[in-house]
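Annotated in TrEMBL:
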DOMAIN    10-116  domain 'Cadherin'
DOMAIN    117-225  domain 'Cadherin'
DOMAIN    226-330  domain 'Cadherin'
DOMAIN    331-435  domain 'Cadherin'
DOMAIN    436-545  domain 'Cadherin'
DOMAIN    559-662  domain 'Cadherin'
TRANSMEM  674-697  transmembrane segment
Amino acid sequence: ILLLCVSGMRAETARYSVPEEAERGSFVANIAKDLGLTGEELLARQARLVPEGEKQYFQLNQHTGDLVVREQMDREELCGQSEPCLVRFEVLLESPLQSFRAEVRLMDINDHAPVFLNKEIVLKISESTVPGTRFLLESAHDPDVGNNSLQHYSISSNEYFLVYTRRRSDGRRYAELVLDRALDREQQAEVAFSITAVDGGTPPRSGTALIRVVVLDINDNIPVFTQSLYKVSVLENSSQDAIVVVVSASDLDSGTNGEIVYSIVQNSEENFETFKINPETGQIRLKKPLDYEETKTYEIDVQASDGGGLSTHCKVEVQVKDVNDNAPEVIITSLTSTLSEAAPPNTVVALFNVRDRDSGDNGRTTCELTGEQPFRITLLAADAYALVTSETLDREQVEEYNVTVQARDEGSPALSVSKTLLLRLLDVNDNAPTFTQAIYTMVMSENEPAGRSLGRLSATDPDAGENARVRYALVPPLTGTLAAASFVSVDAESGTVRSLRPLDYEKVPAFEVTVRAADGGSPPLSAQAVLRVIVRDENDNAPVLLHPAPDGSAAGELVPRWAPSGYLVAKVVAVDADAGQNAWLSYELAKATEPGLFRVGLHSGEVRTARAVTERDAARQRLIVLVRDRGQPSRSATATLAVALVDDFSDAFHQLGRDPASGEQPQVAEEEMLTTYLIASLVCVSSLFLLSVLVLTANTLCKARVRAELSPPSPSCYADGEFASDGVGVTGTLSPAYRYEMCLTSGSGRSEFQFLRPVLP
């Protein structure tokens, strides 16, 4: 793009001409033809004119390529006496960006006639003046230039004077009056005639003034200047009323004929407005400040006249010296106010020119950017520059730039000017959304109804507009995995997570899903995060009894009457499917035949005797143990135990077979009968097993041991470890395994159980 822009800047300048005061719409030239383009191409490339100054004097027809006058122009108003008078502008084309320089020369027309500043010119000439003497006359002023400017002077017919037209160094013409015949005051005291200034226009224009020549008496000495030419230099920033030069003349005459009066011969209106002279001292001062950019040189004619009317002239050349009083100007010809952040380096942002009205070093300029920014300036042609990008841009770091272009001249002191360009960056989708957390953890209650809000996901995208609009969605699970996406939903706009159905903690204690956040760019960018949902347990499960079995029948237990306090009767085992505090179980004795006889471990569920068993205690005891969890509200279950207080094993069958209370329900009797059957079966199996062991061991040892123990019968039990015990592993709240040790009396003819006692490992 930069190469195209540089190649589009043509070094040559197209030149045209048009008469001044041309009517609006007057044809100047066909720019399309000069550029080698058609009207359609001009229109397609949006051709336009960029004037050098603030005012647009020409207009371009984009359909035909014709350059026409937009506003009438007065050459004298625009350029004064400067020649040639040029109006410069640039033709700017786009796609690709090209610029062509052009200038139109305003051709002068003869629209001004010469004018004398004074309609009456009075000359005082001594009668002793010899023929051939020359007198400088006031010049007429004609603002036209070239052939249309003042060309010659003529005077009306008279007997004494002739007029000659002279040319100055700057090309302007002035009149010299020459005495052709000696004057005689006695014959004619005053001579009057007219002078006419004629220009070279077609038709010519002219201006006339009256010359009155007053003939003076003899004064034979004229003033004499010390120099015929004074050359001075004045700085353009000199203040008003500053002294330019002092001219000096002397006269050998005495009296009034020797008194000299200085004056400036008004040869131009510009000199009259700029300079003044002290008639007594000859000091020439400034009436107004000078401007080097408007006029560089002044030529002043000074006249010294004595009291006798004699005069002489000298010339003063004033050279205006340039000072650095004009700051550079930055003129923007093309500006791109918005730029994509994806624009590559060397992308053209703006075209501009730098102009300084000063000259020399004061008019030479340099251009630079202030601050550290990703831009640089490229020189295209003389005083023409391009602002281009120097590196890649990122809208997420800087959304807009205030690019300050500073132009500085090389004067002393240097002057500078700054122009700020606002450039906004357009966003492209170059950033994916970012979640605030990699893993989101949310909690929902068990059995919570559908539609309840669990929390909110949040993802941000540093892009702008649609590129920053984030939408949320669940990532579909892999085939064969738990369809956790059916448990929750995510709001696409807000990221709010809601439950879709109630969950059971005992089945789904927790689950994870993957959430995607995608922006609205094209193509869209996305990011993923993990959503972990923990199901909070609710107390929705009552304790479940493992022992005794929850089949509605009471469990039967045997307790010897000699059992001391703390004797282990049974253990109630229960589990709760809930978790945490909802699964913490406590046991308590809800109801008993004799409440003071038994107690239950609060956390172990062990039923023990609270005191020693006495003969007064009923042989049949019925206990109801309440198992309660710690949930809110708590849930509970009950276990029923039937306890038989027995003296020996044979009595156990008798006690288990009768009803201790006449008022018991038939169902309780059935439960006790079943317990009796179970105990009887256990006794039979155990007896057979022990009998087999006794036969296999030494029969002699057994007989001796029987004889020794006949008289007081005492229990003899097998030592720990002689029987292989089958422990039942219990999980949850179950205590370690139990086994029962069985003892028989050697003197019992019925081989009955003496007692049953659980033994901890």
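We number each residue from 1, going along the chain as drawn.
Note: Cβ is positioned from N, Cα and C throughout, glycine not excepted.
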Do you know the mean pLDDT across the domain 'Cadherin' (10-116)?
81
In the domain 'Cadherin' (117-225), how many residues does DSSP put in helix, strand and coil?
3 helix, 55 strand, 51 coil
Please tell me whether the domain 'Cadherin' (436-545) and the domain 'Cadherin' (226-330) touch - that is, whether there are at least 3 C-beta pairs under 8 Å between them, with each pair 6 or more apart in sequence.
no
Counting by DSSP secondary structure, give me helix, strand and coil numbers for the domain 'Cadherin' (436-545).
7 helix, 46 strand, 57 coil
With DSSP helix as H/G/I and strand as E/B, how many residues of the domain 'Cadherin' (331-435) fall in helix, strand and coil?
4 helix, 57 strand, 44 coil
Please list the DSSP helix, strand and coil residue counts for the domain 'Cadherin' (559-662).
13 helix, 45 strand, 46 coil
